[in-house]
Amino acid sequence: MTNCEKDEEFVCISCVEEVRYSFVSHLSEALRRKGINNVVVGVDSDDLLFKESQAKIEKAGVSVMVLPGNCDPSDVWLDKFAKVLECQRNNKDQAVVPVLYGDSLLRDQWLSELDFKGLSRIHQSRKECSDSILVEEIVRDVYETHFYVGRIGIYSKLLEIENMVNKQPIGIRCVGIWGMPGIGKTTLAKAVFDQMSSAFDASCFIEDYDKSIHEKGLYCLLEEQLLPGNDATIMKLSSLRDRLNSKRVLVVLDDVRNALVGESFLEGFDWLGPGSLIIITSRDKQVFCLCGINQIYEVQGLNEKEARQLFLLSASIKEDMGEQNLQELSVRVINYANGNPLAINVYGRELKGKKKLSEMETAFLKLKRRPPFKIVDAFKSTYDTLSDNEKNIFLDIACFFQGENVNYVIQLLEGCGFFPHVEIDVLVDKCLVTISENRVWLHKLTQDIGREIINGETVQIERRRRLWEPWSIKYLLEYNEHKANGEPKTTFKRAQGSEEIEGLFLDTSNLRFDLQPSAFKNMLNLRLLKIYCSNPEVHPVINFPTGSLHSLPNELRLLHWENYPLKSLPQNFDPRHLVEINMPYSQLQKLWGGTKNLEMLRTIRLCHSHHLVDIDDLLKAENLEVIDLQGCTRLQNFPAAGRLLRLRDVNLSGCIKIKSVLEIPPNIEKLHLQGTGILALPVSTVKPNHRELVNFLTEIPGLSEASKLERLTSLLESNSSCQDLGKLICLELKDCSCLQSLPNMANLDLNVLDLSGCSSLNSIQGFPRFLKQLYLGGTAIREVPQLPQSLEILNAHGSCLRSLPNMANLEFLKVLDLSGCSELETIQGFPRNLKELYFAGTTLREVPQLPLSLEVLNAHGSDSEKLPMHYKFNNFFDLSQQVVNDFFLKTLTYVKHIPRGYTQELINKAPTFSFSAPSHTNQNATFDLQPGSSVMTRLNHSWRNTLVGFGMLVEVAFPEDYCDATDFGISCVCRWSNKEGRSCRIERNFHCWAPGKVVPKVRKDHTFVFSDVNMRPSTGEGNDPDIWAGLVVFEFFPINQQTKCLNDRFTVTRCGVRVINVATGNTSLENISLVLSLDPVEVSGYEVLRVSYDDLQEMDKVLFLYIASLFNDEDVDFVAPLIAGIDLDVSSGLKVLADVSLISVSSNGEIVMHSLQRQMGKEILHGQSMLLSDCESSMTENLSDVPKKEKKHRESKVKKVVSIPAIDEGDLWTWRKYGQKDILGSRFPRGYYRCAYKFTHGCKATKQVQRSETDSNMLAITYLSEHNHPRPTKRKALADSTRSTSSSICSAITTSASSRVFQNKDEPNKPHLPSSSTPPGNAAVLFKMTDMEEFQDNMEVDNDVVDTRTLALFPEFQHQPEEEYPWSTFFDY
């Protein structure tokens, strides 16, 4: 990993030797789990802190100082800490986190002597909280105050990358991370690397890949990164391949800019081992294409909440600062950066330290005008890779075409001699330009940097290639002749532009000046000229005082001049290169005198030029496509345009003096004639390829020939023309307020009939037989004739309908909109395939049974309160609370379309259901919603084979000013771990209102209910879903129509999940217990198991720990009698553990645990031992204070001490070993046993066993107390039976246990107590380990200290009353 250990990601922990391997080791490990891997621990030994670690402390981003509690005020440690504090004050980027560990009476004294000014927090150990809580507090402080800045917004992106990786087939998987400069590609790649690298055999993170491979070469780079520590240099790439073809390798190539360089590395990456992962980050999409990477993740910017967090942290602004202006400034900065983390961080740091708001305002304005070098350098490095044409197109877009229609931009740039189709794609691939909703967009930073490139070319305004700043342009164009004190005119010479200028866009909103006649004389290469007013409320005042314009550049492609003040363009202007003339509201009477060459002209817009009288000059524009003369009230004639074969759009609306049109081009698509004096069109007007006529005509003969005519709008009288409609497909008579009736149209082939807004229309004789869409909104029709069976959409919104015919036979009807039909009284029935029903604002009191196919119901303002059960409801805004509650409960309690016995195929086809209602209407309903935007649920084991899907309840808080919820939706992410421990996920998007429908203003918070049978984990063996421990996590995110996450103004406040399974009785929907709410966290296999363990009863926890450490892979019949001997219920306990996936029992009766389950058991044991270790010192002190009399009383319990040979069979009593320790001064450890009938009979007998110092073949046994029960006569039989159950296993166990039980790893040759002192069958099994060496590492104890880890394994010993056990015997030496 090259150059990865940045100073700002480096943590130094300084401590004393006493806490290095206890508290500090836990702290460093917790930091690593949080993703902070660069942690260095320095120990104060021989002044090492300042001799060797001082440089590291000064370079570290965070310095954690762990001060011991027993510090004396004169201690050198305090002097060192004071110096570290001073170092921190000199280095503002470094954070110091002091930790006062341990109790001390002197603490208050020396605390007062230290100056903690500037430190955000001091952490102290307290009696009332454990070390684990203290560690958690420190880690949170370190992460949130220093490291969190770089990881804001990373979590959700990590999930998407993980999902992208998991979807790829097993083999060599590749992912590309793509995004604009500063968007967080490297940060995201590092986060992925930190999270995944431990799962690979080899891994490397190569920063600045192009530079690294140029400096070191391919072989050296590969050898250094993938095989560190090699002595021999790899001379051939084939040798490297041979060494890595069996390894799972993670390779991250960061910031690959040269596609060929990346391809040279990856073209043969098939030599990596299966399961390898290659991640490439680049700002150029072509890199991924050439490298053969198809899975590309585009990094999005931070959302509003994340951006605010980052800015406040970077600028050190507190969240609760009350000054409104300061908050407004932060919003402006965040909006300007538009989610770019680099910009937000840089601007935040630039504003940091500014005390006055005015200073911050000024600094921000300067930054906008001149972006910081770090940002400019990041963007300009991409700009420098462009070709000359690509640079010109980028600069044109940055200066002039932000947000313009992409086809419009392409048309203009093509006229300039570029190849924009290809070159704009290059800009998109390099993240300089984006295309959204068919418009060209640049990030605000990109636009400003592009403009800065232009301004940086020269300080002379007249020599800049592109001009857009109004005051600079005014300086060049303003008329400069003035009278001085009534004297003759004096001329003030000014620069008047130069041939370098290629584009000039002047916004005249705030300007008032006179243009000089020769303003454009020197701009010989001007391609783009636009003079406009961005504020429609301002009337610009820019005139020619001399009444003339001498010239315009002949290289113009765009001439856009609003309110042009002259009667014509200069006569010497040659428009042969013009692509567009756009001169609305001009004073033009004609364009020019005579005929000009207009071979490049595509568009001419002279709308509202009230003085225009003649446009005959356009006949030479053979490539003309659009003519817009709307509002030219003096224009009397439209020329014959039959030769303009490319003309497709003509707008003559408002040209009241035009009485006729002689000829219409054959390829016309749109003809707008509203407000003209035209009463009729010639027969030649209507052609077979006409697609739309928009007019106010009274007669259109020859329509029968219009086989492709689709639309005819605003026809005033239909009687005379219906017979000529021929093969008309769509007839629009919208807003024909004079139309009163329509004849029988049964013989027409109409598919669409739109009568919306025909307020006088009160009768229809008959409908076309193939009609599919009928719009009657706003009509006066009270009754309609029989509807055609082909009908798919009926919209009668706001009509006067009182009744409808029976629609049960309309099997194709999908949408029925009766909203606002205030006079509608009854509905006889609904079609069986109806999907959307709207009757908001009706007076219906009762609605017939709704079909099962229904998906959307809008009942806003409806008086109906008797709606039947169905699947998808929306917009219950004003129904009563009781009705809404009934709907919630019905939806969550009955799913009648999934009856018992349904096949999986039919279940997969089952429809979804959903509905919503204002949250205030269901306040009294019981839905078990949890706070937060995510929830973890557990599947009952009995439900898993019948699982169909989930019902999800989500409560969303909308902002008060939210007006239109049409595009609002909710994304649900379902995550679980499969039985192999791998993370899995499913994501579904639910849009809460049907697209295209008008949604009332959302005024209240809403509760949404969704169900989808596809939200179901994959099936494992049989029909059992492949879910580990039955735990599933659901997360909910507000989204828009484009499935992009909305900002934090939309908040998921509560959520819940219910299970839907195949019906087992009268209902098929069961409640499920909500385990916990998390917001949000990543659920690993370990966390799933730990939640299952924490929910167990105490005895089941003990059973799990026994099995995890002793009985893995053993037969149930073998384990059962042994566990029963310690008073545990084996049969029920094993079933409980199996139900929550903590163990599994194989078909041949073996208890099986996965490695993760065993690991968790060991960690739990280790954690309990750490907790107990805190009690040892206090226990020792307490025992040392025990009165001698009490100690003698305990010693008097010793009944006898005997010596027997080590090979002796024993005393035939049943004993259980519960501890062992090394004894100072002795070669042999001592074992501690208690009677096996302690719990069943209350027996207090114990014994201690140790080898003799003089004869190692003899055992010294000390018996304490007596048994209170007869000697068991069946013990040997029981042991024999257990041995016969698995004789081979038992013999192997006995051999292992006899020589290795609790062997101290520091003394491998030291003989230990044999297990024969305990009954062979029981003892052998009791101390059999799956991995004895690993267990010994976790269970080792210091000399003369109780083996508390063993005590943790047997918790019943921890709670034994004091009089039942001679504690003093542990401290005899």
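Cβ from N, Cα, C; glycine included.
According to Swiss-Prot, the DNA-binding region annotation covers 1204-1272. Residues or ranges marked as ATP binding site by Swiss-Prot on the basis of sequence analysis: GLY179, MET180, PRO181, GLY182, ILE183, GLY184, LYS185, THR186. The domain 'NB-ARC' annotation in Swiss-Prot covers 170-421. Positions annotated as region 'Disordered' by Swiss-Prot: 1300-1323. Annotation comment: Swiss-Prot describes 498-522 as repeat 'LRR 1'. Here Swiss-Prot flags 535-553 as repeat 'LRR 2', drawing on sequence analysis. Marked as repeat 'LRR 3' by Swiss-Prot on the basis of sequence analysis: 554-575. For 577-598, the entry in Swiss-Prot reads repeat 'LRR 4', with the evidence type sequence analysis. Swiss-Prot lists 621-646 with the feature repeat 'LRR 5', giving sequence analysis as the kind of evidence. Annotation comment: Swiss-Prot describes 665-688 as repeat 'LRR 6'. Look at Swiss-Prot and you will find 742-766 tagged as repeat 'LRR 7', backed by sequence analysis. If you look up Swiss-Prot, you'll see 768-793 marked as repeat 'LRR 8', on the strength of sequence analysis. Here Swiss-Prot flags 831-854 as repeat 'LRR 9'. The motif 'Nuclear localization signal' annotation in Swiss-Prot covers 988-1005.
Shown here: features listed in Swiss-Prot, placed on the structure.
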residue : record           : Cβ within 10 Å
GLY179  : ATP binding site : 19
MET180  : ATP binding site : 24
PRO181  : ATP binding site : 24
GLY182  : ATP binding site : 23
ILE183  : ATP binding site : 25
GLY184  : ATP binding site : 27
LYS185  : ATP binding site : 24
THR186  : ATP binding site : 18
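Within its own chain, the repeat 'LRR 5' (621-646) is flanked in space by residues 598-615, 652-658, 661-667, 672, which lie at least six positions past its ends and keep a Cβ under 8 Å from the stretch. The list of residues near the repeat 'LRR 3' (554-575) in space but at least 6 beyond its ends in sequence, with Cβ under 8 angstroms from a Cβ of it, reads 412, 415-416, 524-533, 539-540, 542-544, 547-548, 581-593, 596-598, 600-601, 611.
Tertiary proximity for the repeat 'LRR 2' (535-553) is limited to same-chain residues at least six positions away from its ends with a CB under 8 Å from its CB atoms, namely 479, 508-515, 517-521, 523-526, 529, 559, 562-563, 565-566, 569-570, 572-573. Same-chain neighbours of the ATP site beyond GLY179, MET180, PRO181, GLY182, ILE183, GLY184, LYS185, THR186, judged by a C-beta within 8 angstroms of the site's C-beta center, are, in sequence order, ARG283, VAL299, ASN340, PRO341, LEU342.
Taking DSSP states H, G and I as helix and E and B as strand, the repeat 'LRR 2' (535-553) has 0 helix, 3 strand, 16 coil. In the repeat 'LRR 3' (554-575), helix, strand and coil residues by DSSP number 0 helix, 4 strand, 18 coil.
The DSSP secondary structure for MET180 (ATP binding site) is coil. THR186 (ATP binding site) falls within a helical segment according to DSSP.
Secondary structure by DSSP for the repeat 'LRR 7' (742-766): 0 helix, 6 strand, 19 coil. For the repeat 'LRR 5' (621-646), the DSSP-based tally of helix, strand and coil residues reads 0 helix, 4 strand, 22 coil.
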